[in-house]
Structures are given as C-alpha cells and as structure tokens.
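Annotations for this protein, taken from TrEMBL, read as follows:
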TRANSMEM  45-64  transmembrane segment
TRANSMEM  70-95  transmembrane segment
TRANSMEM  107-128  transmembrane segment
TRANSMEM  140-160  transmembrane segment
TRANSMEM  227-249  transmembrane segment
TRANSMEM  301-321  transmembrane segment
TRANSMEM  330-350  transmembrane segment
TRANSMEM  370-392  transmembrane segment
TRANSMEM  404-423  transmembrane segment
TRANSMEM  443-461  transmembrane segment
TRANSMEM  652-673  transmembrane segment
TRANSMEM  685-705  transmembrane segment
DOMAIN    762-829  domain 'DEP'
Amino acid sequence: MKDGDTMGDIAVDNLYPALVECFAVILCGYVAGRLGILPQSETKGLNTFVANFSLPCLIFLSIAELDLSSVNWMFLLAILVAKAVVFLGVAAMTLMVSRPVNLSRAGLFAIFCTQSNDFAIGYPILVALYQNTHPAYPKYLYLMAPISLVILNPLAFILMELGRSESPLNNTSTTDAPEMRAPGTGGYHEKFKMVYQVIKGIVLNPVVFMTALGIFGNLVFNHELPTFLAGILKVFGSAFSATALFLLGSRMVGTVQKLQGAALIVPGLLIAVKLLALPLITREVVSVIHAGVNESDTEDLSTYGFLYGTFPAAPGVFVFATQYGVEMDLIASAMVVCTFVSAPLMFVSAKMISLSSMPPPDYVKQLSSFAFDISIASGIAGVWLLASFIFCSKIKRIPHRMTVYLIISQLVASIGIILSQSIKSEDIWHRRFQFAVYTVGDLSSHLWTGLIAIALLLLQSRSLCLVMRFQSVFILLGWGVPLLLVLILLLIGTPGDPSSVGPPELNSLYGDLNTAVTLVVLLISFISTVFSLALHQRYQRRFARYLLLVQDVNDANQDSNPNSERFSPGADNSVNSTNQVVDIEDISTEHGRILQGAGSNSVRLNSCSGDLCPSRFECSAVRRTDCHRLVQDYHNQLVEEQEDRQIQRHQVALMLLCCSMFLGMADCTWRLVMDNLTGIYVELTFLNVALNQGQGLLLLAVFGLHSKAMMSPIINWWHSTCTSEETEIQLPPWDKLEFETRHVCDQFITHHLEVCRAAISKDRRCLFRKYKQCFKASELLDWLLSVEVVRARDEAVSYCNHLVQGRVIRNFGNSQVFKDSSLLYTFLPPPSDAVPFDGSDSF
C-alpha cells in the first residue's frame with residue numbers, strides 16, 4: 001500500500017503541472033485574441049501551419065519510431081471496438097437528430113468523442129502512474145492514437161468530404177432541376193466526379209497521408225529513423241501542442257458567451273459521452289475480451305483503459321473543424337470546457353488507480369455515510385422545489401406536474417436512505433420496509449424520467465390533450481410498476497448480507513436479483529429518454545420548416561386570390577379558403593406547438609394551437625369534443641397566468657438524468673460480473689451515488705433559479721422596510737400645490753431635467769431586483785451642487801422635496817420625504833393636470 005500511495009502522489013504531482021501548462025497556453029491565446037494582438041483574420045496562417053505541417057510531422061514521427069514487436073494486440077483490438085461503438089453511436093445519433101442531414105457535423109462530433117489529448121495531457125499522467133509497474137503502458141498511446149487517425153477518423157473525413165460536396169456553396173449546378181437536364185449530362189458522371197473528389201480529399205488529407213506514410217516508414221527504417229530526418233520532424237512536432245492550444249485560446253474569443261440556453265445542450269452531450277461513456281465502455285470491452293494474459297493483467301488493462309478514456313478531447317479536433325469549416329465555435333468552446341471538466345475526473349481516477357485493494361467493510365461504511373449526507377442535501381433540495389412549484393402554481397402545468405411526481409419519487413428514495421442509516425435494526429421486517437421505501441423511490445424516479453421524455457415528445461408530435469388523457473397511464477407506470485416489482489422481490493427474494501459490496505446497503509439486500517431488476521428498469525428508461533429527446537428535436541425542426549412552407553404557400557395563394565382569407569396564427573381561422581393546400585387547423589396546431597416547443601414564455605393559446613391533435617389523426621367528433629372540454633378545463637385552472645412549459649429546461653434536466661442512469665447501468669453491470677474490488681469501481685460507485693442519490697440537487701440546478709418567485713414577498717417586505725420609513729401619503733393634485741413648489745418644479749423641468757437625467761439616471765440592481773433609469777438621492781444632491789442650482793446641501797434637500805411634491809421624482813418606496821441617502825429615485829413624466837407655470841396666481 002505504501003508503494004501505491006507513492007504512485008498516487010507522483011500522479012497528482014505530475015498531473016497538476018501538465019494541466020496548468022495546458023490552460024496557461026490557452027489563456028495566453030485568449031488574451032492575445034481579446035486584446036487584438038492576434039486578430040481572428042490573422043489566425044488562418046497559424047491554422048495552416050498546425051494542420052499541414054506540425055501535426056502531420058508529429059504523427060509520422062510517433063508511428064515511424066514505434067516498436068511493434070512487443071504489443072498486446074488484443075488490448076488494442078478492445079480499444080478499437082470501444083472507440084468504434086462510441087464513434088458509430090455518436091455519428092448515427094447526430095444523423096438521426098439533425099434535420100436537414102448534416103454529414104460533416106456527424107463526422108466531426110464522432111471524432112470529438114473518440115480522439116483524446118494523448119500527448120499533451122495523457123502521457124505525463126501515464127508515465128507518473130505506470131513507470132514503475134507497467135513501463136510499457138505509456139508507449140501504447142502511440143498505437144492507440146493511430147486507431148483514431150488511421151481507422152476511425154478517415155470514416156469521419158469521408159462524411160465531412162461528402163458533406164462538403166453536398167454543400168450549396170460547392171454545388172454549381174443547383175439551379176438545374178434533375179428533370180430539366182439533358183440525357184447523358186448528369187447521372188453517373190456527376191456521381192463519379194463526387195466520389196473522385198471525396199477520395200482525393202481523403203488521400204491528400206495531411207493527417208491520413210502522414211499516418212500511412214508513418215507506417216511505411218516504420219517498416220522501411222525498422223522503427224529507427226535517420227538522425228537528420230528525426231531531427232527535422234521533432235522540430236515541427238514539438239511545436240504542435242503549444243501552437244494548437246494557443247490557436248484554440250484565440251478562437252475562444254467571443255464564443256463562450258454563446259454557450260447559453262440551447263447552445264449548452266450539444267456541448268454538454270458531447271462532453272458527457274467523451275468523459276463518461278467512453279471510459280466505461282472501454283473498461284467493459286477490455287474485460288469482456290479478456291485482453292490480458294491472465295485475470296490480473298486483464299484487470300490492470302481495463303483500469304488503464306478507463307483512465308485513458310477520461311482524457312479530454314484532442315486539440316487536433318479543432319484543427320479538423322477549422323479545416324472543414326464545421327461548428328468551429330462550438331468545438332472550440334466544448335474542448336476547453338471538456339478539459340476543465342476532465343481535470344477533477346483525472347485526479348480522482350489517478351488516485352483511485354493507486355489503491356490496490358480496500359477492505360469491503362471500510363468501503364461500505366464510507367459509501368453509506370456519503371449516501372446519507374447527499375440524500376439529506378437532495379431531500380432539502382426536493383422540498384424546496386416542491387414548495388416552489390406549488391407556490392408558483394407550476395404544479396398545475398404540463399409537464400411540470402410530471403416533474404413534481406419525479407421530485408416526490410426522489411424524496412421517497414432519500415427518505416429510504418436516511419431511515420436505513422439513522423435507524424439501525426437487525427429485524428428483518430425493518431430492513432425489508434427500508435428496502436421497499438428506497439427501491440420504490442429509486443425505480444420510480446428512473447421510470448418518471450423516461451415518462452417525462454415521452455410526454456415532451458407527445459406534446460411536440462401530437463397534442464396537450466393526448467398527454468392529459470394519458471396521465472393516469474403515466475401514474476400507473478411511474479408508481480404502479482415499481483410497487484409491483486418491489487412486491488415480487490419481497491415475496492420471492494431472500495435477504496442477504498447487507499455488508500456485501502454494493503451501493504448503498506439497501507440496494508444489495510436482495511443480491512443479483514435486485515441488481516438485475518434495477519438494470520432492466522435503467523435500460524428501458526435510458527433508451528426511452530434518449531430516443532424521445534432525439535425524436536423531439538427532429539419533430540421540432542420539421543414543424544418549424546413545415547410552418548414556413550405553409551405560410552409561403554398561403555401568402556402566394558393570397559396574392560393570386562385577394563378575396564381569400566390570409567392565415568393569421570392569432571386570429572380565428574375557422575373559415576378556410578378553398579385555395580389553401582392544407583387544413584388550417586393543422587397549421588394552427590403546428591404553429592402553437594412550435595411556440596410551446598421553443599421553451600420561452602409563450603402567449604395564451606386558443607383551443608386549436610397545439611392543444612388538440614391535427615386532423616390527420618382522424619379523431620372522432622366525440623373524442624374531439626371531450627378534448628376541447630379537457631383542454632378548456634386545463635386553461636381555466638391556470639387562470640390568467642402565462643403557460644411557460646420550460647421545454648428547454650426539461651431537456652437539460654433529462655440529459656443530466658441520462659448521465660445518472662448511464663452510470664447506474666455501468667455500476668449494475670459491474671456488480672453482476674465483478675469478482676474483486678478495484679479502485680476504479682470505488683470511483684464509479686461514488687459517482688453513481690452522487691448522481692443517483694443527488695438527483696434533487698440536479699433538478700435544483702435546473703429549475704431552482706425560478707424559485708426566486710417564492711422570495712418576492714419577503715424581498716418586497718424588506719425593500720419597503722428599508723426604503724419607506726415614512727407613512728405613505730397621497731400627494732395633492734398639481735393645482736393645489738404651493739406656489740414655491742410649482743415654481744421649482746417648472747424651472748427644473750424646463751432648464752435641468754434632460755441634462756440631469758442623462759448625467760445620473762441609469763439601470764441598477766438592488767435587493768435582487770432590477771430598477772430601470774434610476775438614481776440615488778445623494779447623486780441628485782451632488783449634481784445640483786455641481787451645476788450650482790443650489791449653494792448648500794441642506795438647500796438641495798429642500799429643493800428635492802419640492803420635486804417630490806411636484807411629482808418630478810419619486811422614490812421606489814413611495815416615501816414623501818426626501819433625505820440625503822442611498823435610496824433609489826426615478827424621474828416621472830409630467831402630471832396630466834400640470835400646466836405651464838406663468839406666475840398669474842402668485843399673490
């Protein structure tokens with residue numbers, strides 16, 4: 001254990017400088033771009049050097065000098081399989097979601113999720129960890145890099161070349177329709193030309209070409225390059241890391257600000273796949289293939305594969321994005337965020353690898369304590385969210401009502417953990433009761449995640465009415481199925497030893513049977529959530545294009561037939577013109593659904609705007625009448641509130657819960673096939689507990705920002721207490737004011753108001769509230785003294801009291817008395833009964 005601790009210390013000591021150096025270079029590039037030292041227009045030459053000279057030389061040098069005689073090819077095969085699974089999965093999902101189909105985007109995202117920063121960050125970590133126990137492990141990087149560069153990346157380059165050839169910018173014959181071309185002028189000739197361009201682009205790609213040349217050079221020179229050639233290549237190759245990171249930092253200027261709202265979804269998914277899915281899949285594939293010569297060697301290689309998967313995406317991915325002109329800003333931002341997020345994961349992984357063994361009782365004790373603490377925090381967050389949803393009337397809305405059911409399920413699971421740790425009992429019925437409470441909450445929270453995703457899909461593709469009609473079905477599935485499964489486990493299962501390995505204690509009470517049931521539920525919920533989110537995006541884009549097309553057609557028909565009625569989304573379109581090509585009800589339905597799917601505060605919709613199924617589903621007259629009544633009752637419950645379904649926030653929450661479910665599936669799979677305890681499993685288990693038992697904290701991060709509505713009454717009370725010490729008094733009308741007050745106000749409005757407003761009035765934030773065009777009382781006094789309207793500060797206070805009485809300025813607390821303080825005031829428009837002062841009623 002002492003040697004292991006030493007290795008862990010070395011790993012941390014070497015990892016920290018490597019990460020600091022990486023971020024320092026990125027920061028320098030960002031500062032250079034922000035200060036204009038390296039403008040964006042001048043980065044083209046730097047990008048050309050990195051893409052066409054430095055990176056190819058580094059690849060050729062690494063492959064040509066590699067000794068291929070003592071290589072574990074089974075381990076490399078496992079890495080290839082794992083990367084291929086992630087590569088093909090990401091590409092397929094991108095193609096399925098993106099509309100129109102974007103081949104270049106699919107290829108680039110696949111590279112991002114499979115190509116790691118092996119040399120700049122990965123190599124120092126591996127050397128620190130394995131230089132004493134497995135000195136050959138760091139050298140595997142030079143073979144794992146070609147797996148991406150030679151096998152997988154060319155597939156992505158094919159997709160990107162195809163995407164480039166299909167781009168309208170590169171298509172010079174798009175104006176000619178296929179049916180208008182002369183026979184023999186298109187067809188096979190154009191297809192052959194496109195294939196030739198694709199193959200030419202791949203062969204002449206510097207990365208692919210130098211990879212193949214490096215393998216050839218390895219065979220020719222027997223992995224020992226001539227000194228002069230190796231020296232030249234090292235000069236170019238050594239410049240890659242710093243130049244690529246510096247270029248990455250310069251490209252970050254103006255891109256981080258774009259990572260807001262929906263722009264966070266795609267980078268978040270890519271980072272989750274790269275840092276969570278790839279390490280776990282790599283570890284499982286290495287274990288299944290049995291890549292080592294024995295069980296111990298296989299375990300070491302699987303651990304090594306997991307650590308390798310936690311390395312962030314390589315800077316070369318940004319070079320590819322720039323070379324093909326695909327999602328450059330998104331990749332630049334995602335790469336930097338990925339590197340930041342991977343840092344703590346690599347630290348923990350490096351430390352856990354140094355743990356050769358751990359007594360199961362100590363592990364279970366630490367894990368149970370951690371689960372107890374995070375369950376308390378998650379329970380508090382769940383209670384706050386429930387109170388927020390009830391107080392702000394979100395519980396009446398769809399899909400917030402289903403989110404409340406999810407929060408309740410998470411609360412039940414947290415209560416089960418708290419009961420198991422606070423009430424220790426050897427009685428079997430007490431343990432069964434605690435197990436039932438926790439398991440029902442845990443399973444139902446996973447099922448409700450999938451059901452919410454399905455509800456969002458139905459809202460987008462069908463109607464609000466259909467979701468409301470299925471509410472009873474959702475409740476039966478969300479809570480009835482977990483209750484049934486727990487009842488079956490209690491009847492046929494035999495409680496085992498709670499001290500066995502498994503998080504938390506209650507989850508291992510019924511051993512492999514309970515683990516298998518949990519795995520099946522997780523798998524079903526995960527697949528349902530992922531596919532529902534993907535289809536939701538697809539329908540949303542399709543409806544947006546459909547609406548634009550229908551509006552263009554109807555506008556054209558309106559121009560050709562002035563007597564026909566023009567479609568108006570907000571008007572009553574029950575009378576349909578015979579010239580229009582689609583059912584107006586369907587158009588209204590699609591328009592309303594698009595508004596609701598955008599995630600913004602939508603206006604109150606009528607009964608046809610996305611609330612009822614389109615006519616193509618052929619609902620009967622009775623069913624449509626029932627739906628009208630159901631939807632009308634739903635809108636009546638909302639009174640006069642705007643219905644904000646927060647679709648975007650729900651999507652983000654579902655993606656976070658997908659990460660939790662994926663870790664849960666990996667943990668269950670590991671427990672079913674694991675024979676011994678390893679440091680990586682300890683890390684995986686703690687991560688699983690953190691995300692699974694901490695789901696309330698995840699939802700608080702997504703929906704908690706809107707909880708400030710609960711604080712509004714308290715803030716208003718505090719604001720009124722601090723800003724309104726005097727009793728609020730109704731000011732007299734203008735014609736009842738004293739002569740001096742009217743004279744001061746008239747002179748100030750005529751000669752000073754606009755200048756004073758421009759000098760001191762601006763938007764401010766105070767006590768969690770934002771005030772527009774306001775100023776402090778002390779600032780107005782200072783201005784009056786500076787322009788010599790008054791000669792003393794006491795005189796200025798009296799002057800401002802006249803302005804308050806004359807309704808020229810007003811305190812936000814409606815105080816009648818003006819004081820020299822930091823209270824906020826604003827200028828008011830002239831009162832309606834005010835008349836220009838001429839002094840006629842002076843004496």
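Any Cβ shown, glycine's included, is placed from N, Cα and C.
Because TrEMBL annotations are produced automatically, they should be read as predictions rather than curated entries.
Remember, it's a predicted structure, so these values are computed and weren't measured experimentally.
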Quick one: do the transmembrane segment (140-160) and the transmembrane segment (685-705) reach 3+ CB pairs under 8 Å, ignoring pairs fewer than 6 apart in sequence?
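Contact between the transmembrane segment (140-160) and the transmembrane segment (685-705): absent.
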So which of 70-95, 107-128, 301-321, 370-392, 404-423 is most in touch with the transmembrane segment (685-705), counting Cβ pairs under 8 Å?
370-392
Check the transmembrane segment (301-321) against the transmembrane segment (107-128) for contact, please; criterion is three or more CB pairs under 8 Å, pairs 6 or more apart in sequence.
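Counting Cβ pairs under 8 Å (6 or more apart in sequence), the transmembrane segment (301-321) reaches the transmembrane segment (107-128), since there are 3 or more.
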Residue list, the transmembrane segment (70-95) vs rest of chain: Cβ under 8 Å, 6 or more residues beyond ends.
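Apart from its flanks, the transmembrane segment (70-95) reaches 101-103, 105-107, 109-111, 113-114, 136, 140, 143-144, 147-148, 151-152, 155-156, 159, 270, 273, 277-278, 281-282, 284-286, 289-292, 301, 305, 308-309, 530, 534.
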Sort the residues of the domain 'DEP' (762-829) into helix, strand and coil with DSSP and give the three counts.
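Counts, helix then strand then coil: 23 helix, 20 strand, 25 coil.
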So which residues does the transmembrane segment (404-423) touch in its own chain, when a touch means Cβ under 8 Å and the partner is 6 or more beyond its ends?
368-369, 371-372, 375-376, 378-379, 382-383, 385-386, 389, 394-395, 430-431, 434-442, 444-445, 448-449, 452, 474-475, 478-479, 504-506, 693, 695-696, 699
Give residue numbers and ranges for long-range contacts of the transmembrane segment (370-392): same chain, 6 or more residues beyond its ends, CB-CB under 8 A.
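Residues packing against the transmembrane segment (370-392) from afar: 400, 403-404, 407-408, 410-411, 413-415, 417-418, 421-422, 503-504, 686, 689-690, 693-697, 699-700, 703-704, 706-707, 709-710.
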Short question: most Cβ pairs under 8 Å with the transmembrane segment (107-128), which of 45-64, 227-249, 330-350, 652-673?
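Checked against 45-64, 227-249, 330-350, 652-673; highest Cβ contact count belongs to 330-350.
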Six or more residues beyond either end and a Cβ under 8 Å away: which residues meet both conditions relative to the transmembrane segment (45-64)?
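Counting only partners 6 or more residues beyond its ends, the transmembrane segment (45-64) has Cβ contacts under 8 Å with 38, 119, 142, 145-146, 149, 206-207, 209-211, 213-215, 217-218, 221, 223, 225, 230, 232-234, 236-237, 239-240, 243-244, 246-247, 250, 316, 319, 322-323.
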Looking only at the domain 'DEP' (762-829), report the model's average pLDDT.
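In the predicted model, the domain 'DEP' (762-829) has a mean pLDDT of 83.
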